[in-house]
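Annotated features in TrEMBL:
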type     : residues : note
DOMAIN   : 37-113   : domain 'Cation-transporting P-type ATPase N-terminal'
TRANSMEM : 93-111   : transmembrane segment
TRANSMEM : 117-133  : transmembrane segment
TRANSMEM : 290-308  : transmembrane segment
TRANSMEM : 320-344  : transmembrane segment
TRANSMEM : 804-824  : transmembrane segment
TRANSMEM : 839-856  : transmembrane segment
TRANSMEM : 868-891  : transmembrane segment
TRANSMEM : 903-921  : transmembrane segment
Amino acid sequence: MSANPFDAPIADERSIEERELLEVAKEALSRPNASLEYCTMSVDETLRKLETDPKSGLGSIAEASRRKLVYGANEIVIEEDESLWKKFLSSFVEDRLILLLIGSAVVSFIMGNIDDAVSITLAIVIVVSVGFVQEYRSEKSLEALNKLVPAECHLIRCGQESHVLASGLVPGDLVHFKIGDRIPADLRIIEAVDLSIDESNLTGENEPVHKSAKEVNKDSFNDQPNSIIPISDRTCVAYMGTLVKEGHGKGIVVGIGKNTSFGAIFEMLSNIEKPKTPLQNAMDKLGKDLSLFSFIVIGLICLVGILQGRSWLEMFQISVSLAVAAIPEGLPIIVTVTLALGVLRMAKRKAIVRRLPSVETLGSVNVICSDKTGTLTSNHMTASKIWCLDSMANKANVLSLEKSKSGSLKNYLTEDVKSTLTIGNICNNASFSQEHGKYLGNPTDIALLEQLSKFDLSDIRPTFKKVQEIPFNSKRKFMAVKIVNSEGKYSLCVKGAFEKVLSQCSHYLNQKGKTEKLTQGQRDVIIETANSLASEGLRMLAFAKTTLPDSPTLLTEESVGDLIFTGLIGMNDPPRPTVKPAIEQLLQGGVHIIMITGDSENTAVNIARQIGIPVLDPKLSVLSGDKLNEMSDDQLANVIDHVNIFARATPEHKLNIVRALRKRGDVVAMTGDGVNDAPALKLADIGVSMGRMGTDVAKEASDMVLTDDDFSTILTAIEEGKGIFNNIQNFLTFQLSTSVAALSLIALSTAFKLPNPLNAMQILWINILMDGPPAQSLGVEPVDHEVMKKPPRKRSEKILTSQVLKRLLGTAACIILGTVYVFIKEMAEDGEVTARDTTMTFTCFVFFDMFNALACRHSTKSIFEVGFFANKMFNLAVGLSLLGQMCAIYIPFFQSVFKTESLSFMDLIFLLVISSSVFVFDELRKWWVKRTTSTIDAYYDIV
Ligand code: ATP
């Protein structure tokens, strides 16, 4: 089995067993390994020993390939301890009912009923095989889920940096990591800037650990057992699977795969069985309750039968077969397979569900909180407009950058415009990649670089030295860069949200390049212009600069001030085309959509209106981050019903929003991509992270990853989630109605002193149909898109609702009546029970079951609407089951096994007519339900 080494449980959610295991893990971690060896070595020694370079990494691809051959892939592969055959054989003895059946075969053999013994043995093999195959499929599909989010990393080899799968790393490789990343192997850190790493999934400690490149002094640990340096004290080592919480750095790979610290304990951690989903638990409980009920009924049948003087061997066989058939032991497995297959299907539709229980929760989501940039919008920024106070005087003179795609804008290059563009160039971390032939980096930065050529300007970053950067983040909302030019003059360039930047400006730059004092009136004009451009949906950035005294002192966020305003640039980031129809459907299904953005109110309102989020009155529908700061959770919970937009919000606000929504009992899906989004993602019922833009920290905290970062994929996931739930309800109806019908049939015939209408073998065959392919194929019924029109399912709603119960009892009654009718009719013809009579009854039951399965494909829609060919798996499963049934009645070998005889064509037609009644009955029920609900809908529409 190959496993995802990053799937370890989160520290604070550990159970007692997990804690005990962690104790054992601690012991495993204290054994010497690569991280212990290298943590006391200096950077130079490490580089020398691993023959690698601190700047360009391994020197040749050939050397990397050689090391891969020697050390293998960077994966933790757990050997299967049991062979498939052993597993198969052990499943014969694991189930007590199967043991009883084996017992009954042995008894039959001893009593000389060789036919029976052979038949029962054959049945046992088939029943066990079907169960085994299903369980194996369930295991395999669960395993496949682990591989859906492969670990990636930034590798530097032969001087080239690339983004690769972590499994390809070899010792000696140079890896670059930054805030939000997951460490891909055990690394000896050689460079660290403000680096702290969350090692909780390895050590259990929640506090991130500060790391540096300095080697550990071995002598300080002489008092430790065997002088081993504890794992948390190896401060120059970054461990595989841990998460970078702050800063960035570089490291040399010293341990991979099993030879990492994670590898040492992974085997133990993977032994912790994943908790079952609420649905799986409910199914387990249902299975147990039904078993108890069935055992009581079967016990009674057996007792009454023996008291009536029937053969005890026959009663024993019937009872055991009935127990096998009536107990839907396949139910939990089918639920797991359905969930897992559903998750794989979702992955194909770009939504990766990381935790199985989330599939169930998806159908209950009634609030979606979504980021704007990149999720609702395409994140393809283009600088659309530029405005400077002096050269453009009023907002009517805004210079459009889009219209002039062809011609040069050089003539517009006044000093203030030039400074604005230059600051955009300096405060910029995007870079041109020769390999890709385009700029790589933050879309805002890229858009700013792309403007330079329109003004015949070029990138001036190589001409000065960057001394310090205060990076942009969603809380700070600006970025500042301190530079020194060739003459040794220091200056500071700032770009960011216009309120933020403007509040630090005391002067402005005029079109001639002179600095002038900024009056209140001019300040108002800037704000008015920014707001007006934002109302067009543009994302506004302000630019400012200042000269600094010739000092190398480090700047802090607070010391940025007294700036000279140069201009504004408005960025266009169009909504994704798929979002509007998705929002329309979600709103129809009663889902409340909230946009959370760091952008200004006006930009947010414009985008919201473009994508169909209702903003009737911005005073009620929009809440700003500032107002949010003043509200308690209760106050927020009271007003949030009307709120559709949170503007100028920070990731920290997301936590308040989720808390308030959950307080109201809402089931919340929340999107996020940054490190600071992680707490809100964890708290939300469904945390949704972005596959492309998202950090590993956010992905780790989330329940679902959108591989295309697209909001509309959430709709797809909810739709699938609801579909899966409906499918589970449908095959539950099928299995339980078959089970009830089989049990009642034998109980009734015993009570009325009639001979048994089905023999043990026939009952076992029915069990295979009930637990096997037809039931499973109901689990893969394609999603009916109309599920989105229905309101979200209540979180507390049970799977076995009274409607499901009524439906299955009705169906079972229909099957019982039909089968008893055929049995009595056949028996009455000759006054005794012949092989023909049981063949007719048996085939009738099987036909009934197939029609029942067909009816169960949808709970409310007619199959004529759903389409007879929409579920190929179903048709195949039913086709094969019918073929099996034909073999059972026409092939001599099986005739002797099932004690059947050939039926005429007219017999089959007769049985088909009788058994189709269950389908007709259910179609009528669906028609009735539709009629009454549409009347109710119409009634509510009128009201
Ligand atoms: P969300 O992604 O949550 O919808 P957002 O991405 O629009 O929100 P932020 O990234 O927090 O919000 O941006 C908030 C504001 O910060 C923007 O309106 C813009 O003015 C400014 N800003 C955005 N990116 C940068 C950047 N790279 N450098 C400087 N300022 C920026």
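Our numbering is plain: 1 for the first residue shown, then up by one each step along the chain.
Backbone N, Cα and C define each Cβ position, glycine as well.
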Same-chain residues at least 6 beyond the ends of the transmembrane segment (839-856) with CB under 8 Å of its CB atoms are 730-731, 733-734, 737-738, 741-742, 745, 757-758, 762, 765-766, 769-770, 774-775, 778, 811, 814-815, 818-819, 822-823, 826, 863, 874, 878, 881-882, 885, 888-889, 898, 900-901, 903, 907-908, 911-912, 914-916, 918-919, 922-923
Give residue numbers and ranges for long-range contacts of the transmembrane segment (804-824): same chain, 6 or more residues beyond its ends, CB-CB under 8 A. 729, 732-733, 736-738, 740-741, 744-745, 748-749, 754, 757, 837, 840-841, 844-845, 848-849, 852, 855, 859, 911, 914-915, 917-918, 921-922, 925
The answer for the transmembrane segment (868-891), taking Cβ pairs under 8 Å and residues 6+ beyond its ends, is 765, 769, 772-774, 776-778, 780-782, 839, 842-843, 846-847, 850, 853-854, 857, 897-898, 900-903
Helix, strand and coil totals (DSSP H, G, I; E, B; other) for the domain 'Cation-transporting P-type ATPase N-terminal' (37-113): 47 helix, 3 strand, 27 coil
